[in-house]
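Per TrEMBL, these features apply:
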DOMAIN    B:94-314  domain 'MacB-like periplasmic core'
DOMAIN    B:368-484  domain 'ABC3 transporter permease C-terminal'
DOMAIN    B:569-726  domain 'MacB-like periplasmic core'
DOMAIN    B:762-871  domain 'ABC3 transporter permease C-terminal'
TRANSMEM  B:95-116  transmembrane segment
TRANSMEM  B:362-384  transmembrane segment
TRANSMEM  B:418-439  transmembrane segment
TRANSMEM  B:454-479  transmembrane segment
TRANSMEM  B:508-528  transmembrane segment
TRANSMEM  B:759-782  transmembrane segment
TRANSMEM  B:803-823  transmembrane segment
TRANSMEM  B:843-863  transmembrane segment
Amino acid sequence: MKGTYLGEFEEVVLLAVAIRAGDAYGAAVVNEIEQQMGRSVNLGAVHSALNRLQEKGLVSSEMGGMTAERGGRRKRLYSVTAYGRRALEEIRQLRNQMWDAIPGTAWGQLNMQ
Amino acid sequence: MSPPRWPGYLLRWFCAPHRVEEMEGDLDELFQQRIREVGLRKARRRYVRDVASLLRPSLMKREQYDYHRPTNTTMLRNYLKIAFRNLITNRVYSFINIGGLAVGMAVAMLTGLWLYDELSYNRYFQRYDRIAQVMQNQIQNGEIKSSRSLPFPLIHELKTSYKSHFKHIVTSTYPEDYILTSGEKKLSKTGQFIDAEAPEMFTLQMIKGSWASLQDHQSILLSATTANALFGDADPIGRRVKLNTNMDVKVTGVYNDFPLNTEFHNTQFLASWDYFVATNAYMREKKWDNHAVSIYAERQPNISFEQATASIQNAELNVIRHLESMKGEAATNPQIWLNPMHNWHLYSDFKNGVASNDSVQYVWLVGLIGFFVLLLACINFMNLSTACSEKRAKEVGIRKAIGSLRSQLIGQFLSESLLVVVIAFSLAVLIVTVSLSWFNELAAKQMSMLWTNWFFWLFSLGFIMLTSLLSGSYPAFYLTSFQPVKVLKGAGLARIQLGRLASLPRKVLVVTQFTVSITLIICTIVVYRQIQFAKNRPVGYSREGLLMVPMQSSDFYGKTDLLRRELTNTGAVTDVAESQSPITGVWSSNDGFRWKGMAMASTDKFATLDISPEYAKTIGWQFVAGRNFSKEFASDSSGFVINETAAKLMGLAHPVGETIHWKSQWMTNNVEKPYRILGVVKDMVMESPFKSVKPTVFLLAGNPNWINIRLNPAVNTRAALPQIEAVFKKLIPTAPFEYKFADDEYATKFRSEERIGKLASFFAVLAVFISCLGLFGLASFVAEQRTKEIGIRKVLGASVAKLWAMLSTDFIVLVLIAFGIAMPTTYYFLDGWLKNYQYRTELSWWIFAASGLGALIVTLLTVSYQSIKAALVNPIKSLRSE
C-alpha cells in the first residue's frame, strides 16, 4: 500500500464515491463533483485520482452495468473500502478537532481590524 | 450527434488496453449528457479536452499479469533448453546451417574489409578532401594524353600568379631508389625530394622532429622503419646520412611509416626539394621542356577544385605560346587541371582525357561476389530452418494447448533463430581473425579487423537482426497461426497445407545458388587458362640464371669492362653485358623513325634500348637473320638490331642491310642520322606477357644503366652469389650490392592475374561448398518427408534404381536450369575480360561443358547419398504406424 496521505482532490473524489454509493464510476464522479463544487473537472484527473485511491486501498472496483448511453460499454464501479471510510472519518475528526481549538476571540480580533 | 473520431484513436493507441473500455464509456456518457446541457459544440470541445487529460502516464501503464514476473525467466530458460535440444537432435542440419552461414559471413566480412581498404585509400591523410595532384592534358596524335609529369617553370607560375587558390603547393620528384649511407651501413631505399610544406600538408605523424623539420636545405625525414634499419635504437636526430654519393644530409625528423593503402606507401624518406635542385644541374636550368616534376596542391577551403582548375588551366599555355622554342609544345594545347586525392587510386588510368573506371568496377565486382556468397549462405539458412521448423508444428500445438500466447511463441522462434545466427556470427568472426593474415597475403594488403569501427558493429548487428528475422519469420508467424486442435488432430496437416507453394521459392533459391556457383567455376577455369597461356608464351631469351644489377650511382660508370673481367675470372659467371633498362622492362621508347619508301618519319613509338655487344650472348638472343653487334667494326655504333615485330611493322622483306633514318630530340640531338640494320632477333617478352611485343631497336649508344650477368650453370647459385658480391664490393665500395633474378622479375608480371585467379577460385570453392551443403540438407529433408511414399512405392514394386532416379531428377533439373542461366552471362563477361588482353586464350566450348558436367556430378553425388539411403530403407520400417 502506498502512503496514506490524502490530497485535497483525492479527498473530494473519495467523498463523491461515497455519495454515489453503489453507482460510482468515472462519469458519475465527474457529475457529482461538478454539481457539488460548481467547478468543471477533467475526466482524466478523476480517473487518475480513482486509480491512485485504489492503489492506496481506499476504494475497490469491479466492472459492470452497461447502458445504451455508453454504447454498450461496461462501467468500472467503485466503492469505498473500510479503510477508505476510516481515512475520511479521520480527516473529518482532525478538522473538527482543529475547529474546536479555535479560540472565540480569534474571529473578534479579525473583525476589529 | 457523435464525438470527433480522432481522439478515440489516440486513446486506444496510448492508454492501457484494460482501461480503454470504461474510459470510452465515460467519455460517451458525458458527451451525450453535455449535448443536452451545453450544446454540441461545447460538448465536443470538452470531449477533446477530456481525452487529452486521459493521456497521462499513470493511465498508460499496461496491466501487469500476475503470472508474468515469476515465470518469465523460467520460460526463457526453457526456450533456450529447447533450442539447444533442437540443435543437437538435428545435428547434421545444425552443422550445415551454422557452418554454412558462418563461412558465408566470414567471406562477406573479408570482402567487406577488402572493400573498406580499397575505398579508404589515402584517407590516412587528414586533408584528404582538399589535396589534389596537378595534372596536364595534351593532345598528341589526335588523342588527349593525361600526365602527372609537369614542366619545371610551372611551379613558379602556380606559386606566384595563382597562389590565392591554394593553401600549399608542394613540388616533388618521383619516388626513386637512393643509396643511404651512414657510417658503415648502406641501404637502398625509395624516397622523394619534396617541398618543406609537405609534412604539414600530408599531415605526417611525426615521432621525432616536427612538420617544420624539412625547412633546412640539407635535412631528411626518415620513416620509422628506415630510421630503425639505419641507426637501430640510437637516436637518429642530428645524424649525418649520405644520399648516393653526392648529397650530404642531416636527419631532422622521423615519421610513422605510411600505411600500405596510401599513395606514398613506398616512400621511405623525404628530403628537401631545394637541395635536390641545387645538386642537379639539369634541374637548375628550370626549362619548360623539363617534364620531371610532380606538383601537389591543397586548395583553400572556400574554393572548389573545379574553380581552381578553371583558373589555372592555361597557366602553362599562357607562357609558352610566347616562347619560340616551345612552339611544338604549345601546339599540343597543354591544359593544367587538378585531380582530387579521392580519385588517385581508383581512377588512375586516363584514356583520352577521361578516367577509366576499370578498377572501380573490379572493386565492386569483388564486393558483388562477396555479397553473392553471403546470399547463398543466407538462402541455405532460411531454406533449412523453414524446412526443419515444419516438423515442429506439433510442438506449437501442444504449447498452445497448455496456454502459450501466440506472442510468446513468436518470441520463442525468433529468439531461437537469433541464437543460431549469433553462434554463426561468432564462428565467422573467429574464422576471419584466423584467416586474415592468409587473406592479406593473397590480396597483398594490410587489413586488420575493424574492432573499434562502430560502422562495422552496426552493420554486423543489422545483418544478424535481418537474417534471424527472415529465417525465423516463417515458423514464427506462420506456424503459430494454426489452431492447436487442427495441428494436433492430423500431424501432417500443416505439411499438406504448405503444399506446392512452399516448395517453389525453395526451387528458385537452389537455381540461384547453382547459377552463382557455376559462374564462378567457369570464371576460375578461364582465368587460370589465361595465366597458363601467357606463361607458356615463348619469351625469346633465357631467364634462368640471369642476374640483373642496377647501376645505382655514377660510381658504376666506366668500370664495366673491369667488372666484366673480374666477374668472369671468378668462374661463377660466363657472360656480362650492359643494357638500358632490365630485361624485364622497357624504360625507353622513342619515335621519329623513317625507313625505305617513307617521306615523313613514322609516329609509331619504338622501344629503343641501348646495349653492349655482349648482350646477345648473355641473355641468349635468337637471331632470325643477320648478325650481332661486333666490337671489331667501328661502324656498328650506327647499326641497329631490330626485333621481328619491328621488321614486320616496317614491311621490309629483307631488313638486314637496309638503312633507317632516325631523328630524335633525346637520342640524336634532333639531327636525322642514318642507321643500318645488322640483324633481326626473335621477339622478346620484356613487358607484360599479356600484351603484344613492342617494335624494338637495339643500338650501341653508350649509356646503359643495368648490368646483366649470366651465371655459370655448372656453379651453384648459392656459391656464386658471394663471389659476385665480393667483386662488386671491391670495385664499387660505395653502393650496396643489389640484384634481381630475371625469372623472379618475370614471375611478378603474372601477379595481379594470379591474384584474380586465386580470389576467383577461393570464391568458387566456397560457393560450391555452400551450395552443396544446402543441397545436401534439402535432399535429406525431401527424402525424409517422402519416407512413406517411398515405402509404398517399394511395396508396389519400385526398384532402388528407379527410386534413386525419381529423387534425384528434381535436383538435376534445377541444376540444368542454373547452367542454362549461367552460361550466357559468363560468356558475355569473360569475353569482355579477355578482350583486355592482347595475348589471350580462346573461350572454348569444353570449359563450359566441363564446368556444367562438374556441377552435375557434384549435385548427383550430394543428392545420391540421401536418395539411395532413403531408397534402401525397408518399407516395413517406413510404413509402420506410429
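All residue numbers here begin at 1 and follow the chain in the order shown.
Each Cβ is built from the backbone N, Cα and C atoms, and glycine gets one as well.
Within the chain, the transmembrane segment (B:362-384) has long-range Cβ neighbours (under 8 A, six or more residues past its boundaries) at 93, 96-97, 100-101, 103-105, 107-108, 110-112, 114-115, 118-119, 346, 421, 424, 467, 470-471, 474, 506, 509, 512-513, 516-517, 520, 759, 763, 766-767, 770-771, 773-774, 777-778, 781. Against the transmembrane segment (B:803-823), stretch B:508-528 shows more Cβ pairs under 8 Å than any other of B:418-439, B:454-479, B:508-528. Taken together, the residues of the domain 'MacB-like periplasmic core' (B:569-726) have an average pLDDT of 87. Across the range of the domain 'ABC3 transporter permease C-terminal' (B:762-871), the DSSP-based residue counts are 95 helix, 0 strand, 15 coil. For the domain 'ABC3 transporter permease C-terminal' (B:368-484), the DSSP-based tally of helix, strand and coil residues reads 102 helix, 0 strand, 15 coil.
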